[in-house]
Structure formats: C-alpha cells, structure tokens
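The annotation active site is assigned in TrEMBL to Asp49, His262. Feature annotation from TrEMBL assigns active site, nucleophile to Cys52. The site 'Linear diubiquitin binding' annotation in TrEMBL covers Glu237.
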Amino acid sequence: HKLSVAPEMDIMEYCRKEWRGNTPVAKRMRKGYEAVAQKFASIRRVRGDNYCALRATLFQALSQATQLPSWLQSEDFTMLSENLLSKYNWINQWQLKEKLGRKMGEIREEIKDYLILLRKKWKSISEIKGPIEKQEACDKLFTNEEEEYSLYEALKFLMLNTAIELYNDDKNGRRVPVFSWLLFARDTSSNPCQLMHNHLNHIGHSGGLEQVEMFLLAYALQYTIQVYRLYKYSTDEFITLYPNDPEEDWPVVTLITEDDRHYNIPVRMCQETVL
C-alpha cells in the first residue's frame with residue numbers, strides 16, 4: 001500500500017534537498033523553511049495529485065482530533081444528500097470519483113455512505129488517547145485508497161452544502177463572509193450549480209483547490225487552516241489564515257505550500273512553542 005502522506009523528515013534536511021541552488025527563488029524558499037523550522041521540527045510530504053489540499057487538511061484535522069465536531073454529531077448530517085437532492089435537482093450531476101452516468105438514487109446513497117464513513121472514522125480516531133496510536137490509525141487510513149477517496153468526496157459535498165447555505169444567506173439579506181462574495185463573483189461560479197459543475201466536480205480529477213475554495217473548505221469543516229506560503233516569505237501573506245477572521249473556538253490545522261497548488265504538512269511542534 002502506498003502511503004499518501006510520507007513519513008516524517010527533518011524540515012531543514014528536506015529543504016536542503018529540494019532547494020540547492022542560489023537563485024532568488026531558492027534563497028527565498030530556504031528562508032521560508034527556516035521560519036517554519038522555528039515552530040515545527042519535521043515535514044511530511046503529501047501525495048501530489050489534485051486532492052492534496054483536501055488530503056493535507058483532513059490528515060492534520062484527524063491527527064489532532066480529540067472529539068467529534070458538533071456538525072458531525074447532528075442527526076441531520078447523514079441525511080444531507082437526501083435533503084439537498086430533494087431541493088436541487090441539478091445535484092444529480094455531481095461527479096463521483098471518475099464514475100459517470102449514475103442513476104439518481106445511486107448518487108444519494110453513495111454520498112450518504114461517504115458521509116457516514118467520515119463520521120465513523122473521525123469518531124474512532126478522535127477516541128484514541130495515545131498520540132502514537134492515533135498517528136498509526138491516521139497512517140493506516142491514508143493507505144486505504146478506497147476509503148481515503150470516499151472521504152474526499154464527503155468533504156467536497158460538505159463544501160457544496162456550505163456554498164448553498166452562504167448563497168441563500170446572501171440572497172436573503174443575511175451577513176456572509178467576504179470570501180463568499182468572491183466565490184460567487186467568478187464568471188465560472190456565479191451560483192452553487194455553476195460552482196459544482198465548473199469547480200467542485202473537477203477537484204481531484206483535473207484541478208485542485210483555488211484560494212477562495214480554501215476558505216470554503218475551512219467553513220465546511222469549521223476549522224481554521226493556517227498556511228505557510230513559502231514563496232510569499234517576507235510579505236504579510238507569508239502566513240495566511242483561511243478564514244482570515246476565524247472563529248475563536250475553531251481548531252487550527254497548519255499546512256505548508258511553495259506555490260499555492262501543492263500542500264505538505266509540518267509536524268512535531270518545537271518545545272518552546274508548545275509551552
């Protein structure tokens with residue numbers, strides 16, 4: 001089984017291997033990695049397909065999960081696909097894991113299975129007390145391709161659900177976060193149906209997450225996603241938060257990117273920063 005999140009490696013050792021030259025870019029990357037190394041000792045490489053933002057975020061969330069998030073506990077959670085499909089017929093064109101031409105009932109059942117799997121895995125991993133055992137359980141989950149990709153479908157569906165809620169809130173005059181306007185200001189996603197067709201259906205197949213979709217993912221999970229954007233080193237965008245005005249009670253996961261396309265994960269917080 002191929003582990004889709006590689007074993008730990010010392011951050012500076014990784015940096016020296018990847019960025020040897022003396023170009024301005026290499027120098028900036030090394031500086032960026034040095035700054036990350038003030039906080040984290042190791043890095044884990046994330047498999048670089050178009051799911052990597054979802055993979056890195058979910059892996060980090062599960063690695064540090066100590067309880068089931070409240071939205072995962074709600075009774076309506078597993079009914080989400082039925083509820084949405086009964087209101088929005090266009091969701092039948094949801095593209096599941098490269099399989100096309102499904103019948104209506106199949107999509108509903110399949111997404112429901114993915115949501116149930118997400119809840120089950122999150123619950124079982126969050127109940128593991130020992131950090132080593134918890135990490136082993138995460139590693140095991142991320143070598144099981146069938147389950148892993150099913151979880152990404154669940155996350156994408158949660159992103160669609162969140163987008164629909166935000167879109168309706170805005171239409172009904174309720175306050176929505178700024179990114180929501182940006183999300184629906186794009187020519188390719190002026191409403192949730194277009195967002196699904198032109199963006200969410202492609203994630204994992206022909207494209208990854210764009211910046212504005214990182215906000216959507218954060219809102220869907222109710223997690224703050226903190227990203228070290230190494231190519232922005234020495235600018236005020238070097239550490240970017242999605243959302244940039246996070247709720248205080250949202251847990252935080254940290255990722256690293258060199259280009260806003262591929263994400264890796266820093267692990268092992270250095271002692272000083274923990275205290």
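Backbone N, Cα and C define each Cβ position, glycine as well.
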Just to be sure I understand the packing, how many Cβ atoms besides its own are within 10 Å of the Cβ of the residue listed as 'active site, nucleophile'?
23
Among the recorded positions listed as Asp49, Cys52, Glu237, within 10 angstroms of His262 (active site) by C-alpha we get Asp49, Cys52
Glu237 (site 'Linear diubiquitin binding') to Cys52 (active site, nucleophile), Cα to Cα, whole Å, comes out at 21
Including all protein chains displayed, how many Cβ atoms other than that of His262 (active site) lie within 10 Å of its Cβ?
18
List every residue in the same chain as Asp49 (active site), at least 6 positions away in sequence, whose Cβ is under 8 Å from its Cβ.
Gly204
